[in-house]
């Protein structure tokens, strides 16, 4: 089994991105699966171009995109990506699309095809906080998740795809009182077991366990 795992470069004035630091720390094999690590530019459209090239090169069984969600307290597999860019801040090339459709021939939204409930359960088992998220935002993270699922539908039908948001690292919140963080070691541990769940549930339906929200 081959799994592409992506991480974004720093953006929004941050000197580091925990997603990129995380993938740099991952082993090349997890639960018997070959892990293909890909750095992604935090740039609309270009992010998808890089991913599409790597998917065509490696024909992975799964794609797990990882991104920074500053302010979140836990590891959050995303349930859904929407067909809309609405950038509050510019990307790393100064683009700031507002209310733009990502793919004219794409679905209004795509659900993750990864076992998000099993991923959360696996992270909980090692004593780390995790929950299913129902919004990936409208910046480049949602953009890339949507593009990954679009590409899977249109070009790579055997590939499952999804997204995992992770908190800030401690060094990123030194001057941000009240914001949560998680150590790189814990994030990496959580990502590893989440990938293990992807491998375990490759040919199985995700577990049925309450993980929704009331608002």
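Cβ atoms here come from the backbone N, Cα and C positions, even for glycine.
Annotated features, as they stand in Swiss-Prot:
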type: ACT_SITE; residues: 78; note: active site
type: ACT_SITE; residues: 141; note: active site
type: ACT_SITE; residues: 165; note: active site
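There are 25 other Cβ atoms within 10 Å of the Cβ belonging to residue 78 (active site). Residues within less than 8 Å, Cβ to Cβ, of residue 165 (active site) and separated from it by at least 6 positions along the same chain comprise 66, 67, 68, 69, 72, 75, 76, 78, 133, 136, 141.
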